[in-house]
Amino acid sequence: MTAPLTIAELKKLAQRRVPKMFFQYADSGSWTESTYQANEADFKKIKLRQRVLVDMSDRSLATTMVGQKAAMPVALAPTGLTGMQHADGEMLAARAAEEFGIPFTLSTMSICSIEDIASVTKQPFWFQLYVMKDRDFVLNLIQRAKAAKCSALVLTADLQILGQRHNDIRNGLSAPPKFTAKNLWQMATRPGWCMGMLKTKRRSFGNIIGHAKDISDMTTLSHWTHSQFDTKLSWSDVDWIKERWGGPLIIKGILDVEDAKAAVATGADAIIVSNHGGRQLDGAPSSISMLPYIVDAVGDKIEVHVDGGIRSGQDVLKAVALGAKGTFIGRPFLYGLGAMGKEGVTLALEIIRKELDISMALCGKRDIKTVDREIIAEL
Ligand SMILES: Cc1cc2nc3c(=O)[nH]c(=O)nc-3n(C[C@H](O)[C@H](O)[C@H](O)COP(=O)(O)O)c2cc1C
């Protein structure tokens, strides 16, 4: 079999190698999945201007995101339970990102802990924060991220309550998996995945177990998560977080111009235009369709990033052309990880880099920093 050439091919391979409940955890949106689908579909509607007979030698994709160097304008998005797509998944993805020269963002709800990632990387990584009612626990997470020398904090603003994904309910999703007959069958048909999981001790929420009060096992954890996500979180809490963190702050989950302006007022360094990959408010517009409005409103005051639906380097190019300084990918790297472990994450990044580089050249540009709306064809 030839190596996968596209993110779609990596996805097919991941489906064959990852037990159904975890594959579907990644490949799902909330309710009707209309926003999940729109994220991808709206990229396809954007057409590029083909330009010819311009010098396209010596091209560069290098850029910065919140002042930090990135080999291309792409970061790995924070994704929960990544260590269930593949054993030690967060550690493998972080190392692939480091070798590639792009930022890796660790989710609060990861399987490998902040300390695990620090132990296998030399470059600083980014940490994504969910705010819990237990502020001592939140403060402790921030301090652990600082101790691990994380170089940006990504505050997720769009998940105070959880959007419903039907597959997760049907599959009885949990980490570690519950050993029902159905789940055991799903796992038995994925022997490579099982071998990996047997060899690692990391099968539960590494940032939480042993750190949050009274949490020693998973039964109490699921109850704790539902009761602990802070539904009262508001703009006024951002100051509290910003002060305690003291470093670059990125607010994730902005989809509305008014919220973008409110984010600017907090003094944050960047925002991520995002609908959580279509996993929260089903019926919300795609991220890429909102990006130009948000860039026009606040692009001169704050760095604007975007995620949701990026499945190729061409999608990255389109996002940059519409004003994103950086992009984040979630599922593309998860598919790579599930398909082929660390190598698969690297392959996903290589696929995206190649597509981005060739597309940029064919639009007549040599430096990603000069890409702007001029490369977009009128519809
Ligand atoms: C399986 C999965 C788990 C996720 N977990 C988190 C999380 O823990 N924290 C967070 O801020 N966003 C989370 N997200 C959202 C991603 O950070 C990102 O916004 C989204 O994946 C981008 O869309 P894409 O998957 O189409 O690239 C998750 C997304 C997926 C697919």
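In case you wondered, yes, glycine gets a Cβ from its N, Cα and C as well.
Quick look at what TrEMBL annotates:
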- 1-379: domain 'FMN hydroxy acid dehydrogenase' (DOMAIN)
- Tyr25, Arg165, His276, Arg279: glyoxylate binding site (BINDING)
- 78-80, Ser107, Gln128, Tyr130, Thr156, Lys252, Ser274, 307-311, 330-331: FMN binding site (BINDING)
- His276: active site, proton acceptor (ACT_SITE)
**OP:** Report, in whole Å, the straight Cα-to-Cα distance of Gly308 (FMN binding site) from Arg279 (glyoxylate binding site).
**Re:** 10
**OP:** List the Cα distance (Å, whole number) between Gln128 (FMN binding site) and His276 (glyoxylate binding site).
**Re:** 13
**OP:** Excluding Tyr25, Arg165, His276, Arg279, please set out which residues of the same chain place their CB within 8 Å of the center of the CB atoms of the glyoxylate site, keeping sequence order.
**Re:** Ser28, Gly29, Ser30, Gly163, Asp168, Gly277, Gly278, Gln280
Original post:
Near ligand 1, which of the binding-site residues Pro78, Gly80, Gln128, Arg165, His276, Gly308 are found, taking a Cβ distance under 6 A to any of its atoms?
Top reply: Pro78, Gly80, Gln128, His276, Gly308
**OP:** Can you see whether DSSP assigns Ser274 (FMN binding site) to helix, strand or coil?
**Re:** coil
Original post:
Sequence gap of 6 or more, C-beta under 8 Å: which same-chain residues meet both conditions with respect to Gly308 (FMN binding site)?
Top reply: Asn39, Val273, Ser274, Asn275, His276, Gly277, Gly278, Ser286, Ser287, Ile288
Original post:
Going by DSSP, is Tyr25 (glyoxylate binding site) part of a helix, a strand, or coil?
Top reply: helix
**OP:** Have a look around Ser274 (FMN binding site) and count the other CB atoms within 10 A of its CB, chains all included.
**Re:** 26
Original post:
What's the longest C-alpha separation between any two of Tyr25, Arg165, His276, Arg279, the listed glyoxylate-binding residues, in angstrom?
Top reply: 13
Subject >> binding-site residues compared (Pro78, Gly80, Gly330) - the one with the fewest other Cβ atoms within 10 Å >> reply: Gly80
Original post:
What's the CA-CA gap between Thr156 (FMN binding site) and Arg165 (glyoxylate binding site) in angstrom, rounded?
Top reply: 19
